[in-house]
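To keep things clear, I will list the structure first and then write my remarks on it.
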Amino acid sequence: MLRYLIGHLLLITLTAPWIFLAVGQETMVAGLPLWVIYSVAASVVYAIFVAISYGRLWNRAGGQEGVE
Amino acid sequence: MTYLAITTEADSPFGAGGIIVVAIYLGLMIAFGLAGRFARKENSLGDFFLGGRSLGFFVLLMTLYATQYSGNTLIGYAGKAYRSGFEVLVSLPFMMAGIGFYLLYAPKLQRLSREGDFITLGDYIQRRYNHRWLTSLIALSGIVALGNFMITNLKAMGEMTAVVAGDYLTPTQGILILVVIILIYETLGGLRSVAWTDVLQGLLLLIGCTIIFTATLSNLGGVSGAADKLHDVRPDFWEPLSTMSCVGWVSSALIISLGFSLYPQAIQRIYAAKSPKVLRRSLQVMVFMPLVTTLLMVTIGVLGNIAHPGLDTQSSGGITMLVLGDYAASHPAAKWVVFVFVAAVIAAIMSTADSILLAIASSATQDFFRPLFKTDDQKKLTLLGKVISTGVMIICVLLATELPQSIWKLIEIKTELLAQTAPALICGLHFKKLRAGPVLAGFLAGTIFTLIFQVGSIVTDNAIPGKPFHIHAGLWGVLLNFALVWIGNCLAARNSNPVKQVSQG
């Protein structure tokens, strides 16, 4: 679950358009700024990550005994 | 009346046809309440507040969906997007991440809820820590946070009354009518009725969002055409976010999603799922729902700048209805689109309000009155729950008609308060030796820290920042909360070792 938590936090952080801070505003896709397309796409990637994690980790998360 | 500028005309701007559509919808709500009453298997708290723990995949998905997306999704986000542009797309990750956080606790909590017959989150906290103060404080915090949310939804009900009934009804009369209908179907069938009404409400919400999005884009000539027109009026929306805005983005995504994932009404639905498999599949679909709801409404709000530039904060709250009005004006034959959308907004508001009411009533009954009266009589407790529902609703209606607050600000306080429950719940599930003392200390410190900055920010007009260093006070509070839990637990473990050695010796 620790790896899931790290991946979850990392992908949420990456939905913010950090990489466009230095790129500028000129690049467009279908008339929209690229950073907007990036943020929506990153959100979709995050959703896919969560959906797959539910499939793979649900049983382990449900039966996991406490760790110290 | 904040966001419905087009609706402040005399008479009903919605027309007789619209009133009939809304009346049919409201009649169906009462019919669902009756159906829920007849489907009741026993007169118990578990049956009333959790629908007999028998919600299947589709009903669970729709009730989770209709509960998570309130009127604010359709109205508030669009208004904010109109003013702030594409940066409101942060609502996508925060709606998704709420589902992401569930995986940290839902599988285990659902299993334990079956074993321990839990009704509320407080039941788990009490069984895990056996500390009445901690349980009561967490339950109280949830009730206060939900009370805020209820008031915003009641205010939204009043505002929708102006759309549907114009001068025929005052906002207060509109609130009272909708509240009475909620109380009828909720007291008749409890969560079972609420979940069934949520199916209709969720479908309406989904259809409403899709319709207004499609209508708007077709009116503006597709994505590229709309983007070009928008660029002409708001070129500033094309500028990339600054570093501080990106920090704020991540802060919002984390704190709001954490708060969303700890909604007491959402936790009730985890308990109410028929099986772990049903819950898992519902959540796997739920994580994609922002793409067909939030994303569409943010787009509508941003595009509203094309036909209605220069609206102030108050007027821009009504941008969804203005855009819809444009479509109806250019396509008179498609007036039903407006009817369906308005019904969808009312559905979204009602579905959230009824779930909040049920969550508050269950928490008050189970976490406060049951231990106070020391009774296990299920009939009496269920009746008490219904009486509390009615009392809570009356108080919230009075507050909703008196308290002026912006929807967005209240939502921030709500989620930041709810998020303080995270260490008690998540750490409690995953760390067996965690004790009540550090959890209580962390919860109190995080909540007080959040309240000082949030309330201070409102009272001092931001002289005390609500977001120190561009990060929400609630997120700082959660970090402080987790830190105290960890430190306190380490100290307690260290102090307990010598005792163990002595006792063993």
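From the backbone N, Cα and C atoms, a Cβ is placed for every residue, glycine too.
The annotation transmembrane segment is assigned in TrEMBL to B:14-36 (among others). Long-range contacts of the transmembrane segment (B:14-36) within the same chain: residues 7, 163-166, 177-178, 181-182, 184-186, 188-190, 192-194, 196-197, 200, 204, 335-336, 338-340, 342-343, 346-347, 350, each at least 6 residues beyond the stretch ends and with a Cβ under 8 Å from a Cβ of the stretch.
Summarising the annotation, TrEMBL assigns transmembrane segment to B:48-66 (among others).
Only residues 6 or more beyond the boundaries of the transmembrane segment (B:86-105), in the same chain, are considered here, and those with a CB under 8 A from a CB of the stretch are 68, 77, 80, 237, 241, 245, 249, 252-254, 256-258, 260-262, 270, 283, 286-291, 293-295, 298, 301-302, 422, 425-426, 429-430. As annotated by TrEMBL, transmembrane segment applies to B:86-105 (among others).
Positions annotated as transmembrane segment by TrEMBL: B:133-151 (among others).
If you look up TrEMBL, you'll see B:171-191 (among others) marked as transmembrane segment. With a threshold of 8 Å between CB atoms, the same-chain residues lying at least 6 positions outside the transmembrane segment (B:171-191) that come near it are 1, 26, 29-30, 32-37, 39-40, 47-51, 154, 157-162, 164-165, 197, 268, 272, 346, 349-350, 353-354, 357-358, 386, 389-390, 393, 397, 400-401.
Within the same chain, residues 25, 62, 65-66, 69, 74, 229, 292-293, 296-297, 299-300, 303, 306, 320, 323-324, 326-327, 330-331, 334, 337, 340-341, 343-345, 347-348, 351 sit at least 6 positions outside the transmembrane segment (B:203-221) and bring their C-beta atoms closer than 8 Å to a C-beta of that stretch. As annotated by TrEMBL, transmembrane segment applies to B:203-221 (among others).
Under the heading transmembrane segment, TrEMBL lists B:241-264 (among others). Long-range contacts of the transmembrane segment (B:241-264) within its own chain (CB-CB distance under 8 A, at least 6 residues past either end) are made by residues 67-68, 87, 90, 93-102, 120-121, 142, 145-146, 359-360, 362-363, 411-412, 414-419, 421-422, 425, 467, 469-472, 474-475, 478.
Annotation comment: TrEMBL describes B:285-307 (among others) as transmembrane segment.
Taken from TrEMBL, the feature transmembrane segment covers B:336-361 (among others).
Positions annotated as transmembrane segment by TrEMBL: B:439-459 (among others).
The annotation transmembrane segment is assigned in TrEMBL to B:471-492 (among others).
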